[in-house]
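Annotated features in TrEMBL:
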| type | residues | note |
| --- | --- | --- |
| TRANSMEM | 31-49 | transmembrane segment |
| TRANSMEM | 55-75 | transmembrane segment |
| TRANSMEM | 95-113 | transmembrane segment |
C-alpha cells in the first residue's frame, strides 16, 4: 500500500511541476473550462434535487456550459505554443474563431429555448 501511495504522490508532484511551466494565458483558459464544467454539474445537481419541469431550459443550460467548455478547450489547443499543428495560426485568429463559434452556439441555444 505504501508503494501505491508513493507512486501517486510522485505522479502529483510531476504534474504540478509540469503545470507550473504552463503559460498564464493557458492557465486562465483552464480555469474557464473548470468553471464551465462546474456550472454544468451544479445545474445537473439542481435538476436532480428539484426536478426538470422546463426540460428545454435544463438542456439549454447544460449544453451551453458543455459547448462553451469544448470551445474553450479548442481555443487552448490552438493558442498553445507547444502544439506544432497550429504554429502558423495567430492567437487573435484563434480567439476570433472562439468568439464566433460561441455566438453561433448561443444563438442555437436561444432558438432551442423556444
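Just so it is clear, glycine is given a Cβ too, placed from its N, Cα and C backbone atoms.
Keep in mind that TrEMBL annotations are predicted by a computer and have not been checked by a curator.
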For the transmembrane segment (55-75), sequence-distant contacts whose Cβ falls under 8 Å of one of its Cβ atoms, 6 or more beyond its ends: 29, 32-33, 36-37, 39-40, 43-44, 47, 94-95, 97-98, 101-102, 105-106, 109-110, 112-114
Within-chain partners of the transmembrane segment (31-49) [C-beta distance under 8 Å, separation at least 6 from its ends]: 58, 61-62, 65-66, 68-69, 72-73, 76
Chain residues outside the transmembrane segment (95-113) and at least six past its termini with a C-beta under 8 angstroms from it: 56-57, 59-60, 63-64, 67-68, 71-72, 74-75, 78-79
